[in-house]
Amino acid sequence: MDDNKQKALAAALGQIEKQFGKGSIMRLGDNKTMDIETVSTGSLALDIALGAGGLPMGRIVEIYGPESSGKTTLTLEVIASAQKAGKTCAFIDAEHALDPIYAQKLGVDIDQLLCSQPDTGEQALEIVDALARSGAVDLIVVDSVAALTPKAEIEGEMGDSHMGLQARMLSQAMRKLTGNLKNANCMCIFINQIRMKIGVMFGNPETTTGGNALKFYASVRLDIRRTGAIKDGDEVVGNETRIKVVKNKIAAPFKQAETQILYGQGFNRNGELIDLGVKHKLVEKAGAWYSYKGNKIGQGKANSCKHLVENPAIAEEIEKLLRDMLLSPVGEEVEKADVKKDAKKDAAEALK
């Protein structure tokens, strides 16, 4: 760039900073803290599928799926992980269905959890905005988008038509929230429900409620489905669950996590460790027997899980090895790619 352009740019940058404050414009490389902070989902398989070790702070996340698929359980697991890291969390219970006893069983400190049961959708979103602007809250969960009822609909009659009211309300909220959440480094998780589109002949007839704004503004979208039942004899004790990363702005999307949700316990972490350990050859499997470092840990997955519960040091060791092997900080892939490019360049120059 020639000197005149350089001077003009410096003057423009100076004027912008004077008018809007320091840091209102900068060169992207000047920002040294480019690593994205994440919060674990409580499931190692899902953390790996997300590529960054968890859900990103300062972003909007959408979790959707059919009824009783584990949406609220997943968010309560995220809250428990965030609280363990010393973060302040809030739960906006628009469905008026939060069970404090179940939340406690999943490891949530209910004495420290902020909870609101708003009367209208506008009130719920104003509370979210106020909490984000305070800068004191690190994680907000809204359960659910479908239950965010506009004030006009609540005050109207049963048969009244309110076309697009909820979508307009959410669209405005997304525009206001995105910047405030980023500035406060606060994550907002929206739980959503599934509806069927009428008259769809080809393609997927499923859609989520609340219009398209949330789909655009969300950095991560997770589709959670129940794929089967876990039985102990004749008794059903949990669900086989598949979670698909439908959208991901912080790593590669479309990865899937297969996990188990046990009733009253949450994710079957030890089961995940065994499955991932076998897949990545840290745990050996011979017939029905599982062994680690040559020592048998159990016959069958259930007995192996019990062994890991009784020996948490082994479970921690396997988890650490898996995290070191499968998770790299966001941005490391870019650095590796740059190193490869430089190596190719050097090789080409050497050949000349």
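Positions of Cβ are set from backbone N, Cα and C atoms, glycine also.
Keep in mind that this is a model prediction, so the values were computed, not measured.
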Region 'Disordered' range according to Swiss-Prot, out of 101-121, 206-226, 332-352: 332-352
Three-state secondary structure, Pro66 (ATP binding site) (per DSSP): coil
Other residues, Cβ within 8 Å of Gly65, Pro66, Glu67, Ser68, Ser69, Gly70, Lys71, Thr72 Cβ centroid (ATP site): Ile224, Arg226
Sparsest-packed of the listed binding-site residues (Gly65, Pro66, Gly70) - C-beta count within 10 angstroms: Pro66
Nonlocal neighbours by CB distance (under 8 Å) for Thr72 (ATP binding site), same chain, sequence gap 6 or more: Leu98, Asp143, Ile191
